[in-house]
Amino acid sequence: MKIGIIGIGNMGSAIAKGLLDDNELFLSNRGSNLDFFKDKDCTISDNESVVKNSDYIVLAVKPKYYPSVIAEIKDFLKDKIFISIAAGFTIKKLQDLLGDNKKIVMTMPNTPASIGEGMSILLPNKNVSDDEIQNVLSIFSSFGKAIIIDEDQFDVAAVINGCLPAFVDLFMEGLSDGAVLCGLKRDISYELIAQTIVGAAKLMDKTKEHPGLLKDKVTSPAGTTIEGVKALELNNFRAALIKAVEASFNKSKSM
Ligand SMILES: NC(=O)c1ccc[n+]([C@@H]2O[C@H](COP(=O)([O-])OP(=O)(O)OC[C@H]3O[C@@H](n4cnc5c(N)ncnc54)[C@H](OP(=O)(O)O)[C@@H]3O)[C@@H](O)[C@H]2O)c1
């Protein structure tokens, strides 16, 4: 597929890396973040050329730049597929900027895309055909997992997708500090923590067992794990997580 990406920062480069081998890629960036791609099989040019050469265009600039970049490229879009990855946009807001007749797919990927482990949600507008939706699904599946989601679920799902990597980073850092406090070397702690989180997540995903049940299976009576669970509960661990998701959701609604 001919895919264009405008804005090669954190997300743009993560997506581009996932797509490099199997697609014709066209990239543009305002700054000088393109060193990694200079000797790769892709074309680096300006925003207008990216849109003219591609069938699917991902706009990967910060949300505040969306209106100006859209104004710059919208006349060249014609019936190409415009893919948004920005936080805080709705289909209506994008249609207001692009025009009601434009083909738009609103998405929310996340940064594990750079290692092929992204999670993306997709919401097409009514102008996008089934084949085009399948193509966008296949684009986003090339750097992880991708699902289509209903409009009323999109905003909160986008918060989970977009914000969760940072929440998990914080979780891993705190666990590592605890381990170091108890005498474990920092590098060993991060190796153990990362793999254990990957393993626990895959276990839940594969078995589809409720996380409470998985927790019950590893908490022996009067054992060490239940002591840690008690300490977390005394410090409102789950309430803190609920509040974090709600705070990010409220922020995304106010943008
Ligand atoms: N980061 C995440 O975890 C994440 C997750 C999901 C979705 N998103 C979404 O992804 C989008 C990009 O976020 P990011 O974190 O990747 O931002 P970023 O690292 O700042 O990258 C944006 C890139 O776009 C470039 N740019 C700005 N204006 C441009 C223009 N007019 N033409 C071409 N390139 C331009 C920037 O260049 P300069 O450096 O010169 O400004 C920068 O390299 C946002 O809409 C965000 O909501 C991000």
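Each residue, glycine too, has its Cβ placed from N, Cα and C.
TrEMBL lists I6, G7, I8, G9, N10, M11, A60, V61, K62, P63 with the feature NADP(+) binding site. In the three-state DSSP scheme, A60 (NADP(+) binding site) falls into the coil class. Taking Cβ-Cβ distances under 8 Å and a sequence gap of 6 or more within the same chain, the neighbours of A60 (NADP(+) binding site) are I5, I6, G7, I8, G9, M11, G12, I15, I85.
Here TrEMBL flags N47 as NADPH binding site. Taken residue by residue with DSSP, N47 (NADPH binding site) is part of a helix. Taking the Cβ of N47 (NADPH binding site) as reference, residues of its chain lying under 8 Å away and at least six apart in sequence are, in sequence order, I6, S28, V69, E72, I73.
Per TrEMBL, domain 'Pyrroline-5-carboxylate reductase catalytic N-terminal' is recorded for 2-88.
Annotation source TrEMBL lists domain 'Pyrroline-5-carboxylate reductase dimerisation' at 151-255. Broken down by DSSP into helix, strand and coil, the domain 'Pyrroline-5-carboxylate reductase dimerisation' (151-255) contains 89 helix, 0 strand, 16 coil.
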Averaged pLDDT, computed only over the residues in the domain 'Pyrroline-5-carboxylate reductase catalytic N-terminal' (2-88): 93
